[in-house]
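Annotation source Swiss-Prot lists active site, electrophile at His95, citing sequence analysis. Positions annotated as active site, proton acceptor by Swiss-Prot, on the basis of sequence analysis: Glu163. As annotated by Swiss-Prot, substrate binding site applies to Asn9, Trp10, Lys11, Gly169, Ser207, Gly228, Gly229, with the evidence given as sequence analysis.
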Amino acid sequence: MSGKLVIGNWKMNTRGDSARQLAAALLADGQTNREGVGIAAPAVYLAALAEQLKGGKIALSSQDVSRFAADGAFTGEVSAAMLADVGCRYALVGHSERRQYFREDNAALLAKMRNAIAAGVTPVLCVGETLAQREAGDYLNVVREQLAILSDIADGEYVVAYEPVWAIGTGKVASLEQIAEIHAFIKNWCLQNAGGSAKIRVLYGGSVKAENAEAILATENVDGALVGGASLDADSFRVICQAAGKMI
């Protein structure tokens, strides 16, 4: 495991044509078409993008994975085995938007983590506090509770992404001091408590843009970035990936 990891989370954006055009632009650029770069696309476009990305180096990620492992009567779900079958290398788990809108709890997220690992897909566990929790000084406890499921992972590789909820899509960015503090906390907690991977990557997410990426990625214990809106613009995403590439 070397170099920074940058994953672009497209969220519920793009259509078929625009997804293909964006992927084509990323494939055509050496800064984005390389190891250590991934895109988390909407589920309906994963199969088409997997075909398009063949021969390139960009990793494909899903934005979620089912908590149900076996095939069966789970309408609307996409299993980890299906994601692996289509070519996904990563799967986001527990993004704050899913925690908020779908009330995902630790039990469901642990099942998702285990299913992804069993299928050979690397889960990216998203953690982070709200503004109220930050201002109340409770943010470390919140993140600790979200990380707790890693104690029940017996084996396998995974990634952690710290995304302060108050910085997602708001234009607000945590200070470099805040980022350094929480990333050190996450790594120390994982070293003492987490199972599975002995060396865990911790990404930062939350209004990562072309203009702030280099400073964020240079911060101690930041192993990469989970990029939202900026990943929908090929030029902006290129600058972020270029900044990450300098730090290999």
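In case you wondered, yes, glycine gets a Cβ from its N, Cα and C as well.
Sequence features annotated in Swiss-Prot and their locations in the structure.
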residue: Asn9; record: substrate binding site; Cβ contacts under 8 Å, 6 or more apart: Ala40, Gln63, Leu92, His95, Gly205, Leu226, Val227, Gly228, Ser231
residue: Trp10; record: substrate binding site; Cβ contacts under 8 Å, 6 or more apart: Ala19, Leu22, Ile39, Ala40, Ala41, Pro42, Gln63, Ser231, Leu232
residue: Lys11; record: substrate binding site; Cβ contacts under 8 Å, 6 or more apart: Pro42, Gln63, Glu97, Gly228
residue: Glu163; record: active site, proton acceptor; Cβ contacts under 8 Å, 6 or more apart: His95, Ser96, Cys126, Val127, Gly128, Tyr204, Gly205, Gly206, Leu226
residue: Gly169; record: substrate binding site; Cβ contacts under 8 Å, 6 or more apart: Ser207, Gly228, Gly229
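Counting Cβ atoms from all protein chains shown, Ser207 (substrate binding site) has 21 others lying within 10 Å of its own Cβ. Secondary structure at Gly229 (substrate binding site), as computed by DSSP, is helix. Annotated substrate site Asn9, Trp10, Lys11, Gly169, Ser207, Gly228, Gly229; additional same-chain residues within 8 Å of its Cβ mean position, judged by their own Cβ, are Ile168, Val227, Ala230, Ser231, Leu232. Within the group of binding-site residues (Gly228, Gly229), the Cβ with the highest number of other Cβ atoms inside 10 Å belongs to Gly228. Trp10 (substrate binding site) carries neither a helix nor a strand DSSP state and counts as coil.
Residues Asn9, Trp10, Lys11, Gly169, Ser207, Gly228, Gly229 are recorded as binding substrate; their most distant pair of Cα atoms lies 14 Å apart.
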